[in-house]
Amino acid sequence: MIIRSPEPEVKILVDRDPVKTSFEEWARPGHFSRTIAKGPETTTWIWNLHADAHDFDSHTSDLEEISRKVFSAHFGQLSIIFLWLSGMYFHGARFSNYEAWLSDPTHIGPSAQVVWPIVGQEILNGDVGGGFRGIQITSGFFQIWRASGITSELQLYCTAIGALVFAGLMLFAGWFHYHKAAPKLAWFQDVESMLNHHLAGLLGLGSLSWAGHQVHVSLPINQFLDAGVDPKEIPLPHEFILNRDLLAQLYPSFAEGATPFFTLNWSKYAEFLTFRGGLDPVTGGLWLTDIAHHHLAIAILFLIAGHMYRTNWGIGHGLKDILEAHKGPFTGQGHKGLYEILTTSWHAQLSLNLAMLGSLTIVVAHHMYSMPPYPYLAIDYGTQLSLFTHHMWIGGFLIVGAAAHAAIFMVRDYDPTTRYNDLLDRVLRHRDAIISHLNWACIFLGFHSFGLYIHNDTMSALGRPQDMFSDTAIQLQPIFAQWVQNTHALAPGATAPGATTSTSLTWGGGDLIAVGGKVALLPIPLGTADFLVHHIHAFTIHVTVLILLKGVLFARSSRLIPDKANLGFRFPCDGPGRGGTCQVSAWDHVFLGLFWMYNAISVVIFHFSWKMQSDVWGSISDQGVVTHITGGNFAQSSITINGWLRDFLWAQASQVIQSYGSSLSAYGLFFLGAHFVWAFSLMFLFSGRGYWQELIESIVWAHNKLKVAPATQPRALSIVQGRAVGVTHYLLGGIATTWAFFLARIIAVG
């Protein structure tokens with residue numbers, strides 16, 4: 001650690017009134033670009049307007065100005081998020097059965113949307129129990145509201161109004177920090193101060209406030225709710241906060257206040273800061289006292305982490321020093337120069353953040369079902385399936401975004417003259433080895449994983465079940481996964497002596513937990529069927545990575561096109577007269593990567609949906625007999641391609657296909673409509689620009705004949721635009737089809 005002399009106290013970090021607020025400017029489409037601001041000559045203008053409106057790099061090359069625009073746009077984004085949240089809470093307050101659900105969450109479904117009768121749409125208002133008719137929601141809001149101690153619709157109203165106020169504040173902040181007091185570039189590049197605020201402030205104090213809220217408000221209210229007290233009889237949140245005796249009745253150690261904390265007698269707090277593990281048998285969720293303890297611990301960690309870096313006081317680590325000291329045996333100059341890259345290229349910074357956040361989102365998807373955090377979440381199968389699917393898709397998109405911005409960084413921000421023999425340079429120098437090895441891995445995984453299925457389909461067709469790979473014939477048990485499960489199941493009392501239960505029931509060993517006659521969670525068995533589909537996961541993930549990584553590593557140059565960097569991030573082909581150079585731009589790799597990402601995530605959510613219905617979700621009789629939704633058919637049916645088509649896609653589509661005339665009929669229409677949107681994409685993906693230009697010209701001729709030709713000349717979409725429209729409809733159509741299929745099925749049978 002280097003101790004430097006303290007820097008001068010006051011730095012002026014903002015410019016006052018740098019950009020005047022002008023409504024005339026806002027009213028002029030394309031004011032950010034000289035060409036676009038001239039107005040439309042051809043229909044391509046509207047596409048360029050949309051493509052470049054938020055591409056701040058194309059407006060100016062001044063990094064400070066770009067940074068200010070991005071910063072201001074973030075406030076706009078936060079404003080939209082607050083507005084959306086406000087809408088969710090408002091629906092809970094105005095149109096929902098939240099109070100009824102709170103009184104009986106096992107028999108009443110959550111609903112926060114009631115359809116108005118105009119021409120018969122009121123059929124969509126299904127009976128969700130307790131005499132309430134509405135659309136069943138699967139977002140998990142009811143469960144999170146209960147966990148946070150909300151007991152009335154009035155509280156939801158107040159929160160909704162609060163969120164609206166915050167949305168307004170964010171809009172104001174976005175305007176203020178661009179037009180009135182805009183930060184200087186030095187402020188955006190002061191990473192140590194940023195770490196201090198983000199780690200200690202956002203994550204540290206944020207977690208601490210949440211832990212405080214949980215201890216003082218959520219825990220006592222949930223204890224009353226679990227005991228069956230009527231929500232209207234429970235004291236209001238502020239009474240718990242202001243009146244310590246009220247809490248001391250539930251948790252006697254509260255009477256001692258902060259004394260145990262300062263006398264280091266912390267075990268006194270073990271009543272409400274627990275380390276139980278497992279699930280609460282009443283609600284089927286994690287113990288809320290465990291969650292409070294967790295957030296307190298996280299807060300301490302991040303408060304410490306936020307104070308490790310050198311800010312105005314001359315003590316602590318400098319990030320540049322840390323990075324430059326980081327040299328491995330094979331990495332040459334190591335991370336030298338990385339500090340400069342990450343403080344001058346926001347694309348590089350964003351790429352890292354997207355990769356991390358995308359991975360984290362996928363981790364969240366897997367924990368939401370294996371360690372369900374909110375009360376009664378585990379028995380709401382529709383919500384469980386929705387949350388898993390949602391977080392998987394979001395994670396997939398964020399990871400593709402990481403590759404996109406890494407490639408933009410390579411094209412726009414990377415300076416090969418100043419980067420010599422550092423980590424990135426070394427990776428680029430042996431990119432051929434990386435890509436060819438990855439390609440080999442993809443071929444190996446593809447042939448072997450698919451080959452196992454094809455073998456099974458063939459043996460099945462020939463009537464030779466004894467020659468199939470299955471749990472009852474030739475076993476391919478996932479022994480490593482089973483070993484991991486077993487290690488975790490046996491951890492309490494062994495490798496984790498402090499824990500009473502393993503982290504998740506899914507590991508095995510423990511009993512099942514049932515709430516209101518429905519299975520919340522039980523040990524999940526893994527067998528040959530899972531071994532097969534996991535290798536399909538490995539295959540699709542590796543192909544996605546191959547496409548995206550090739551796009552990044554060859555973004556600036558390749559043997560085929562040595563001067564690729566000059567052509568930019570997106571271009572259709574390397575100019576006229578050079579055949580075989582189409583689909584080589586970095587943008588095209590993102591385009592192709594999106595399809596494989598869609599492929600990969602689809603297999604994951606199909607696997608999850610079927611596995612849970614077959615081996616986990618179901619009802620339990622008074623005698624303790626579990627009946628699963630699809631009766632455990634996953635292990636024998638999913639080992640052939642035909643089984644996936646017949647027993648998953650076809651068998652489980654019956655609910656969405658037969659939904660007409662029921663409250664689920666909207667899903668039937670979405671299922672049809674989204675198939676149409678998906679098919680529509682193929683028109684853009686399978687036809688060339690020339691075909692459409694030719695067609696347009698004869699249509700324009702007809703308009704001229706009738707003297708109704710427009711002043712703006714119609715043009716066919718460019719090649720890149722056509723691909724963009726195509727992939728968008730492909731993904732949206734595919735995702736909405738899956739959504740309708742999943743929800744109609746799980747709401748009908750779950």
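The backbone N, Cα and C atoms fix where each Cβ goes, glycine too.
Sequence annotations record features per position, and here Swiss-Prot assigns transmembrane segment to 70-93 (among others) based on sequence analysis.
Only residues 6 or more beyond the boundaries of the transmembrane segment (156-179), in the same chain, are considered here, and those with a CB under 8 A from a CB of the stretch are 17-21, 68-69, 71-76, 78-80, 82-83, 85-87, 89-90, 92-94, 98, 145, 150. Per Swiss-Prot, the feature transmembrane segment maps to 156-179 (among others).
Counting same-chain residues at least six beyond the ends of the transmembrane segment (195-219), those with a Cβ under 8 angstroms from any Cβ of the stretch are 147-149, 237, 240-241, 247, 250-251, 272-273, 288-289, 291-292, 295-296, 298-303, 305-307, 309, 311, 319. Summarising the annotation, Swiss-Prot assigns transmembrane segment to 195-219 (among others).
According to Swiss-Prot, the feature transmembrane segment maps to 291-309 (among others), an assignment based on sequence analysis. Long-range contacts of the transmembrane segment (291-309) within the same chain, counting only residues at least 6 positions beyond its ends with a Cβ under 8 Å from a Cβ of the stretch, are 147, 191-192, 195-201, 203-208, 210-211, 214-215, 218-219, 272-275, 316-319, 373.
As annotated by Swiss-Prot, transmembrane segment applies to 346-369 (among others), with the evidence given as sequence analysis.
Here Swiss-Prot flags 385-411 (among others) as transmembrane segment.
Below 8 angstroms of C-beta separation, residues 427, 468-469, 476, 532, 535-536, 538-539, 542-543, 545-546, 549-550, 553-554, 639-641 of the same chain, each at least six residues beyond the ends of the transmembrane segment (433-455), sit close to that stretch. Residues or ranges marked as transmembrane segment in Swiss-Prot (evidence: sequence analysis): 433-455 (among others).
Sequence annotations record features per position, and here Swiss-Prot assigns transmembrane segment to 531-549 (among others) based on sequence analysis. Within the same chain, residues 399-400, 403, 434-435, 438-439, 441-442, 445-446, 448-450, 452-453, 469, 476-478, 481, 589-590, 592-593, 596-597, 599-600, 603-604, 607, 638-639 sit at least 6 positions outside the transmembrane segment (531-549) and bring their C-beta atoms closer than 8 Å to a C-beta of that stretch.
The DSSP secondary structure for Cys582 ([4Fe-4S] cluster binding site) is coil. Annotated [4Fe-4S] cluster binding site per Swiss-Prot: Cys573, Cys582, in sequence order.
The list of residues near the transmembrane segment (589-610) in space but at least 6 beyond its ends in sequence, with Cβ under 8 angstroms from a Cβ of it, reads 369, 385, 388-389, 392-393, 396-397, 399-400, 403-404, 407, 530, 533, 536-537, 540-541, 543-544, 547-548, 550-552, 583, 630, 634, 638, 644, 648, 652, 723-724, 727, 730-731, 734-735, 738, 742, 746. Here Swiss-Prot flags 589-610 (among others) as transmembrane segment, drawing on sequence analysis.
According to Swiss-Prot, the feature transmembrane segment maps to 664-686 (among others). Beyond its flanks by at least six residues, the transmembrane segment (664-686) meets 123-124, 126, 135, 655-658, 717, 722-723, 725-730, 732-737, 739-741, 743-744, 747-748 of its own chain at Cβ-Cβ distances under 8 Å.
The chlorophyll a' binding site annotation in Swiss-Prot covers His675 and rests on sequence analysis. Long-range neighbours of His675 (chlorophyll a' binding site) (same chain, six or more residues apart, CB within less than 8 Å of its CB): Gly733, Thr737.
According to Swiss-Prot, the chlorophyll a binding site annotation covers Met683, Tyr691. Neighbour list (Tyr691 (chlorophyll a binding site), Cβ cut-off 8 Å, at least 6 residues apart, same chain): empty. In the three-state DSSP assignment, the secondary structure recorded for Tyr691 (chlorophyll a binding site) is helix.
Per Swiss-Prot, the feature phylloquinone binding site maps to Trp692; the stated evidence is sequence analysis. Applying an 8 A CB threshold to same-chain residues 6+ apart, the list for Trp692 (phylloquinone binding site) reads Ala716, Leu717.
For the transmembrane segment (724-744), the residues of the chain that approach it from at least six positions outside its boundaries are 138, 382, 385-386, 389, 393, 591, 594-595, 598, 602, 605, 609, 652-653, 655-656, 659, 664, 667-668, 670-671, 673-685, 717, judged by C-beta separation under 8 angstroms. The transmembrane segment annotation in Swiss-Prot covers 724-744 (among others) and rests on sequence analysis.
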Rounded Cα distance, in Å, between Met683 (chlorophyll a binding site) and Cys582 ([4Fe-4S] cluster binding site) is 19
A correct count of other C-beta atoms within 10 Å of the C-beta of Cys573 ([4Fe-4S] cluster binding site) gives 17
Compile a sequence-ordered list of residues in the same chain as Cys582 ([4Fe-4S] cluster binding site), six or more apart from it, whose Cβ lies below 8 A from its Cβ; state 'none' when nothing qualifies. Pro572, Cys573, Ile719
Reduced DSSP assignment, Cys573 ([4Fe-4S] cluster binding site): coil
